[in-house]
Every structure is written in C-alpha cells, then in structure tokens.
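A.B. asks: Sharing a structure here in structure tokens format.
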C-alpha cells in the first residue's frame, strides 16, 4: 500500500530521499558488461553484433538478414487493424504539427559597426533511434523519436529494435512506416547502441542516438556519448501529482498507476493539501491495482516508490515539486493556471482534472521523451532542436574591421596571444 506521510513526520525526509535516489547507481557488473560489448562491436563489427543477437535475443541471423525488408514492413502493415492504424496516424499528425512549431531558421543581421552576424541551422545527417522490442513494445516511442528528426530535416533515420526469437509487434513497424523511418535493424541492447555509435559492415554510424531502453541500453548510451551525441540519460519513469482536495480520487489513483505499471523502479507521488482526499486515493489505488494485467510490476513500484504526502498548503506542495523536478507533473487542482508561473522544474506539465498523463504519452503532440531523475532542472523534452546543429556566421567588412580591430588587438594582448593580435593588426596596416 502507498505510504501516507505528512511533511512533519520524522521519517518524511528519509522516505522521500529513498524514492528520489532510486536507480541512480547501475547494478554491479552492468558497466563492465556494457564496456565489453561496446569494445567487441567496435573491433569486430557484424561478427560480434550477430553473436550477441543470437545470445541475448535467441535470433540466429546472417548479416544480410539484419535489416528489416520492405516485405516484412508490408506484412506488418497488413496485420494492423484499421482502427489501430487510424489512431497511429492521428498521433503522428498531432506530433508532427506540434514539433513543426519548434523549428528555427538560419538568420543574418548587420550591426551598427557594419559587421554581419548570424546563425546557420542545419539538420543532423543521420540519426539512430532505439525502440524497445518484443511483443510488449511501444509504437509511440517510434513516433516520438522519429517524427521530430524528420521535421528537423534529418536525411536518414535508422531504427534499431530487438526482435527476441524473431517476434516484433507489427504496430512498431507500422509506426516506423508512418514516421518516415528509412532503415530498420533487428538488433537491441548495448550491442545495438555500439553498432549505431561506431558503425559496422551492415549498420551505418549515426550522429546521434535517441530513445528509451533498459539499464544496459542507458549505460551504453552514456558510455558512447562524446563519440556520438545522445538525447539524455534516462532513468526510471516518475509522476508527481499536486492536488488541493478537488477532483476524483479514482482518477488520481489510476494516473499514479499509469507510471507504476512501467517498471518496478517507477515512482508515483501524490502531494495533496487534503489528508482525507489522500486516504481516499490510497484506497482507490489498491482497488484499481488489483484489476491490472501488470499488477505485479505496479505493486512493486507502489510499495517501494509510491507515496502520498500531505502538505500544509499549495505553496509547500509546489516547493517540493520544484525540488524533485519530476518527469511528469500533474496539477490536479481547481485552478492549475494560477500555479503554473510558480513551477520551475518539470519535464511535462498536465493541467487540470481532464488531462491525464497518458494523453501526453500518446497523441497530445508534445514529446513524451522527458528528463527523469531530477534532470528536468537542466534538461528539456526531446524536440526538433535535438536534431539540428547550429554554426555561427561572422563577416567583417573592411570598414567593420577598421572600427573594431584595435579593441580586438588589445584583448589579444591582454591574453598574451601575439599571433591573434597580429592577424588583425596586419590587416589594419594594409587598409
């Protein structure tokens, strides 16, 4: 059962600290295993990739069979019913519409010293997206990662998805088709991250890797960062709900469970100013949990990392939320927009009683790839900016250099960099 605590309880700090710190350290041996896999794929290419695919996924392939064929995609499309395809198309359209509003363009300006300055915005050339695989997989992750890349103008999107024993959810391939993914490979785990980061005979090297995965995938992304860009270091999912005693306890309960069912390390926290409402949510969680297919996973999460916290007022609730910087924040209050200016740190903010977090997971439009583990203090949701790079443009006319050159020389002399200053002064003499 979810713990119910007051801010004044003696064990409040310890209980909250345990929730916030969950999953910070990889289990023993993970980093060593991942390092070994990365090095093997870097040195041996397809040979190591195929060996790990056989060992971990039970899928015995040749190099020629690594890539999903057009025929396999057509078969997947045929296996998806019309209602599911319509829902995927609706989600794709809404995600694309939202992300098109994020686009920035190249710009140039000339200042009062006759110096032209600007910024050139260019898409990355090739991006890799990791999608969890098997039968219990997530087509929404395909849409959320591939569509912003395509909106940004990325020329080639390469997707990797593990197919244990050859099984893949056809909805994942259908989503890839709708999102415009260019190539799909039947690989997963740290070995797939390595293939994308270093390239193999069959899998092209990419400029950036995005997408969720297990602890081995997350650790691999962390280790290859610097040789290739990544979206973020994602940890276990989390939700924090701020409530003022209004609304329906059953609604809040199932919102909390929507995160708890993700995995055993997911965190679900309700901060309410109404202790009686909190107790009703506590009971509703138990009633709802018993009916879930993933009840065992949700039970582990709720018991270990679930909490109902009773705050003195909404100011105290908001302060706690800002200190946690949750991935998902629901403002389940009568007037959510009055609280919004006080929210400093959150990955996504869901406003009011009719906006469950699941709406953002699937088709509201904003990205569901969000910073976790308190990193919303400095990370943002995945978006178009993650798939572009920017170059500064600087153009001095002769007159512009005449006006600013002596100050440039002076600053170079302050730093003792003689050639820097001379590269300007020699031009001033020639003008």
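Note that Cβ sites are derived from N, Cα and C of the backbone, with glycine treated the same way.
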A.B. asks: With 237, 259, 262, 328, 415, 420 listed by Swiss-Prot as substrate-binding, which of these, 207, 361, 385, 386, is given for the same site?
C.D. replies: 361
A.B. asks: What is the total of other Cβ atoms whose distance to the Cβ of residue 214 (NAD(+) binding site) is within 10 Å?
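C.D. replies: Taking all protein chains shown, residue 214 (NAD(+) binding site) has 15 Cβ neighbours within 10 Å.
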A.B. asks: Pick out which of the recorded positions 262, 328, 420 has the most other Cβ atoms within 10 Å of its own Cβ.
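C.D. replies: In terms of Cβ crowding, the pick is 328.
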A.B. asks: Looking only at DSSP and grouping its letters into three states, which state does residue 130 (NAD(+) binding site) belong to?
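C.D. replies: DSSP call for residue 130 (NAD(+) binding site): strand.
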A.B. asks: Given a separation of at least six residues and a C-beta threshold under 8 Å, show me what packs close to residue 191 (NAD(+) binding site) in the same chain.
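C.D. replies: In sequence order, the residues whose Cβ lies under 8 Å from that of residue 191 (NAD(+) binding site) (at least 6 apart) are 37, 40, 41, 48, 49, 52, 53, 56.
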